[in-house]
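Right, one structure below, let's go through it.
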């Protein structure tokens, strides 16, 4: 009967143009508690990442390619979490639970584009650490300011271009009902689950883009760190070995957290994963990871802690 009604809607030319976001189930008190947690984490995320950008800009000793890439990452994290959290808070409070298809598609595009850009930036940062540790004498000439700007710009362009085709294919989907999305944001799995048209082109494009972006950047990162670890183990001095490893330990922590959740969400041949489980992983990916990044880089990096101390003294 549902299939018949869908085909009747399609024949009549009617389609769903607005969706209803469920958010998280539970009592009003539970949802208010989540709103408080989301708001606090979002505030700390924005302040923390903005502080890193300001700290690098003010401290001349941090004007290096590594911290230039870190500023790009911090800037990205601010917009990545901003594309999700304000709307999620409105959904949980019940004040903004509807979203038009065009806005839903726009949120999906920015969320995936910024996520793809982060994958490329993390692989670029791994390559930067590879050059710094494996070729320390030639590092300044290999990773000069022009090359680092090109790598950062290529990461941003590559991230947005990679999602353009996927966003276009998603915009061609037909939605005839139901119009309820079991999520606090518009993600690709929710759109595919609600579509009444053939979704295999979008599923195939999602899988191919995931392989191209996530897996390819992950391979570059892993290969870079294989060479890094091999070079560190060849260092005779224990002090020098610890110092070399400390320069990349923060980045290694970030990529472990990021790729773990991202691969689970997007690198799969179909969209049949549990939407409730995806909701939890999206929360971790869009809120927890951007929150942790500034703390990981400041607490595990002596140069950043030194510059932070000097800034507080001033």
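For all residues, glycine too, the Cβ spot is worked out from N, Cα and C.
In TrEMBL this protein carries:
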{"type": "DOMAIN", "residues": "48-297", "note": "domain 'G-protein coupled receptors family 1 profile'"}
{"type": "TRANSMEM", "residues": "32-57", "note": "transmembrane segment"}
{"type": "TRANSMEM", "residues": "69-93", "note": "transmembrane segment"}
{"type": "TRANSMEM", "residues": "99-127", "note": "transmembrane segment"}
{"type": "TRANSMEM", "residues": "147-169", "note": "transmembrane segment"}
{"type": "TRANSMEM", "residues": "204-228", "note": "transmembrane segment"}
{"type": "TRANSMEM", "residues": "249-267", "note": "transmembrane segment"}
Long-range neighbours of the transmembrane segment (69-93), counting only residues six or more past its ends (CB under 8 A):
21-24, 31-32, 34-35, 38-39, 41-42, 45-46, 49-50, 52-53, 56-57, 99, 107, 110-111, 114-115, 117-118, 121-122, 124-125, 128, 148, 151-152, 155-156, 184-185, 282, 286-287, 289-291, 293-294, 297
Please average pLDDT over the domain 'G-protein coupled receptors family 1 profile' (48-297) for the predicted structure.
84
